[in-house]
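According to TrEMBL, the protein has these features:
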TRANSMEM  42-65  transmembrane segment
TRANSMEM  77-96  transmembrane segment
TRANSMEM  108-127  transmembrane segment
TRANSMEM  151-169  transmembrane segment
TRANSMEM  190-212  transmembrane segment
TRANSMEM  242-263  transmembrane segment
TRANSMEM  297-315  transmembrane segment
TRANSMEM  321-344  transmembrane segment
TRANSMEM  365-388  transmembrane segment
TRANSMEM  394-415  transmembrane segment
Amino acid sequence: MGSTRFLAHGLRRESGSVTSSSSWVQRSLTFDLHRFNIVGQWAVTTSVDFSLAQLISVIILLSTGGKNGGGYEASKYVIMCFHGGILLLHAIINSLPISVMSFFGQVAAAWNLLGVLLLMILIPSVAKHKASAEFVFTHFNTDTGEGIDNGVYIFVLGLLVSQYTLLGYDASAHMTEETKSADLNGPRGIISSIAISIIFGWGYLIGITFTVTNIPYLLSEDNDAGGYAIAEVFYLAFKDRYGSGVGGIICLGIVAVAIFFCGMSSITSNSRMAYAFSRDGAMPFSSVWHKVNEQEVPVNAVWLSAVIAFCMALTSLESYVAFEAMVSIATIGSYIAYALPTLFRVTLARKSFVPGPFNLGRFSILAGWVAVLWVITISVLFSLPVAYPITTETLNYAPVAVGGLLILTVSAWVLSARHWFTGPITNIDNS
């Protein structure tokens, strides 16, 4: 759904014929995009809900005394149980009627906006020790504890955090079939989500950074939060001021609820994507995942997304390095799926593409090329080592994970899918 469906319509000639949609090249690219997109989105859900499970374990640790006060430290198996429970709740919520999900979506939007606004004001106000404006806006920390001291290299790696947090802004596209006036409201949803994230995200980061005074301690595994930096920031702000970190724990609860809503929306996006790909026949057992219940909810696809997200997280029990490599598909795989349709738009379909009512006009080609070049750049950055010296534990396995997915996808196409996959099934008037 969303970006990959561009291939069904973007290469269409203005005369209305869709002869190119049956071409071997287009079908192959569409099939590969399907796989990269859906696997990347499953990895997003895995990472979001796993991070929530870790945050819950930190909240429990701080609530029971902290690491230095004999607090309870959850094992990796307990964290996995948290992860499974969160996914279960998300699957149940996403199985409810669309009207109920719409209500949850509105609550989530309000919670995120008000929560961020509260934290960006409250934490700096409570913090007893504050950093100077000079530190916040000019200090560049090179003490990463990962054996890297080159400023340029550290800056480049820092870009990756923002790239990960920007994932999922295409969620509006995945929900277009359940959106009124989707040709206008879908793009507006994408643009507005980015604009709101820029404004509130920037304010939140600035506010929190003013409370950071001892970076090495915040990153140390010997602090009360066990090295969970943002939790330690919240905890210390209230503990230094009032002698108790309870207020900080409550603030972490606000963050946890926001992450919960994020994971919930991720399952929603995953299920609609799985539903659309199954409708196109691009997934194994497509007839199962393409079914909807009497409320028009693709329940089977919802539970498939939750189960796969849980299975992907199981790798963390054996090797956290393997888990990180798998989750890296969330970023690289998803961005590849975003960039390829854009590349086709500015090359093969530059003259034949028929813009919708919401478009960038004469700036669309420029914006498209900037987007493609940027994705190429960050794909290289995500493949760089993030720690030195390089060992089996510090090697960046992202290229291996993405390369493995590419090999599996291409093999599936050559050995099987090319014989039966005909491309996206259109459900709109091509005239």
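Think of each number as a place in line: the chain as shown, counted from 1.
Positions of Cβ are set from backbone N, Cα and C atoms, glycine also.
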Item checked: Stretch in 42-65, 108-127, 394-415 most in contact with the transmembrane segment (190-212), if contact is a CB pair under 8 A -> 108-127
Note to self: Between the transmembrane segment (108-127) and the transmembrane segment (42-65), are there three or more CB pairs that fall under 8 A, provided the residues in each pair are separated by 6 or more in sequence?
What the structure shows: no
Note to self: Taking contact to mean 3 or more CB pairs closer than 8 A (sequence separation of 6 or more), are the transmembrane segment (242-263) and the transmembrane segment (77-96) in contact?
What the structure shows: yes
Note to self: Against the transmembrane segment (297-315), which of these stretches has the most C-beta pairs under 8 Å: 77-96, 108-127, 321-344?
What the structure shows: 77-96
Notebook entry, point to check: Counting only residues 6+ away from its ends, which parts of the chain sit with a Cβ under 8 Å from the transmembrane segment (365-388)?
Noted result: 146-148, 153, 156-157, 159-160, 163, 328, 331-332, 335-336, 338-339, 342-343, 345-346, 350, 394-396, 398-399
Item checked: Other parts of the chain folded back onto the transmembrane segment (108-127), taken as Cβ under 8 Å at six or more residues beyond its ends -> 196, 200-201, 203-204, 206-208, 210-211, 233-234, 236-238, 240-241, 247, 251, 254-255, 257-258, 261-262, 264-265
